């Protein structure tokens, strides 16, 4: 096969992958992102751009292992009500709409750094909308606060988002180094993002009814997935709790008028109380174990242990201490995402083999040296555009090794700096448009499907805030990242 034909066929395969990754329901081939990534990989092999062995070897099992492990840990954290407590933290002793916006920004940023931005947006979108409805506020500022802060916060750790996983493992950057280097930029970025939100939506957040809607409060509690009962029935909680335990103990349901219930011996009532107390004690113990295992995993990651095996080990420990069939928990893992990554690795490897990315980088490299400000600006601009055109993970796969090699030519001291610049800009670039990151799309889809309070987060309403937020946060973060890089010794 000639080099020109290889470039044409490889480019065609990559374009198919890109179209289906960005527009998964495209009319002429509505097969979705996962099938689209596999189609791109198969076309690369069929067109002999890469061999089958090269396709298999391009799949990074360590990244897949880390993704699987963190998703499993997130499943058990959700079962242990960790996200319910995060949701309650949003409204605890709230001081008004502006305070709520700051809380949404802070909580979503912290949660996304350790539980991934996609998971954070999945579980907090409905709660954010219910908070807005409870306080008679427009949902748009809260949805923008959640999505944008989740993306910014996820930049602080290797497990915050998929592209950071790729960067940390490919660049051999430890969890601690990654965290310490980017944390200042992430903290200031979240603060700047929150201030910009308040400035743009100050009037909307000020023209609300100070009286909370009690009906909305009841509905917010009742309809949340992680709440167990409705506050409207709290006055009868002891009675309903007794009925539930009675039905488990005797194998049938009693009603308040059941004469058998009235004639129950006192020692059976005592047994019910013991049963309920035992169940509560076991539940509390199990939740505590889940939290301790998660904290242990984070400590191990900070200490520099292998990230993939640490997360997988933590997931298996949680499976063991759960002491039940793990099938329901395993079914909640996003296997299509893992398959998507496999296809993306193969497709990107094929596109690299065409030589087109290398040729483009050679043209840009003289102007993209990260040892001076103009070079960093050029690199950031290219990453920003590519992350919104072909998505952030493919951008990292295409540019990562080339940026690191170019930085190493200047000085080995700049290699990690190059990887961290790529991590910061490719992550914050997700805030530019609604299609910039999966977290944005999750917030949009989840908000649309909220019962009684569904809201359509449009492309243009997101773009209106996304452009200034992305440009400001990216620039300020790059200044802090470069300024502290030489001062912070890791």
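Glycine residues also receive a Cβ, built from the backbone N, Cα and C atoms like all the rest.
Annotation comment: TrEMBL describes 12-31 (among others) as transmembrane segment.
Across the domain 'Citrate transporter-like' (25-429), the prediction's mean pLDDT works out to 81. The annotation domain 'Citrate transporter-like' is assigned in TrEMBL to 25-429.
Summarising the annotation, TrEMBL assigns transmembrane segment to 61-79 (among others).
What TrEMBL lists as transmembrane segment is 178-202 (among others).
Per TrEMBL, the feature transmembrane segment maps to 290-321 (among others).
Summarising the annotation, TrEMBL assigns transmembrane segment to 333-352 (among others). Tertiary neighbourhood of the transmembrane segment (333-352): same-chain residues 10-11, 13-14, 17, 21, 33-34, 36-41, 44-45, 49-50, 54-55, 58-60, 63-64, 67-68, 71-72, 75, 162, 358, 393-394, 397-398, selected by CB-CB distance under 8 Å and a gap of 6+ residues from either end.
Long-range contacts of the transmembrane segment (373-399) within the same chain: residues 18, 21-22, 161-163, 166-167, 341, 344-345, 348, 351-352, 357, 361, 364, 367, 421-423, 425-427, 429-430, 432-433, 435-437, 470, 474, 478, 482, each at least 6 residues beyond the stretch ends and with a Cβ under 8 Å from a Cβ of the stretch. TrEMBL lists 373-399 (among others) with the feature transmembrane segment.
The transmembrane segment feature in TrEMBL is assigned to 419-444 (among others). When Cβ-Cβ distances below 8 Å are used as the criterion, the transmembrane segment (419-444) is approached by residues 22, 112, 117-118, 120-122, 125, 143, 146-148, 150-152, 154-155, 160-161, 163-164, 167, 170-171, 173, 178, 181-182, 185, 189, 193, 370, 376, 379-380, 383-384, 387-388, 392, 395-396, 399-400, 403-404, 456-459, 462-463, 466-467, 469-470, 473-474, 477-478, 481-482, 485 of the same chain, each at least six residues removed from its ends.
According to TrEMBL, the feature transmembrane segment maps to 465-488 (among others).
Within the chain, the transmembrane segment (290-321) has long-range Cβ neighbours (under 8 A, six or more residues past its boundaries) at 61-63, 65-66, 68-70, 72-73, 76-77, 79-80, 82, 114, 158-159, 165, 168-169, 174-176, 179, 329. Among residues of the same chain six or more beyond the transmembrane segment (61-79), those with a C-beta under 8 A of the stretch's C-beta atoms are 115-116, 119, 123, 159, 162, 165-166, 169, 226, 290, 293-294, 297, 307-315, 318-319, 322, 329-330, 332-334, 337-338, 341-342.
Here the transmembrane segment (465-488) has Cβ contacts under 8 Å with residues 144, 148, 152, 155, 180-182, 184-186, 188-189, 192-193, 196-197, 200, 376, 380, 384, 417, 420-421, 424-425, 428-429, 431-434, 436 of the same chain, all six or more residues outside its ends.
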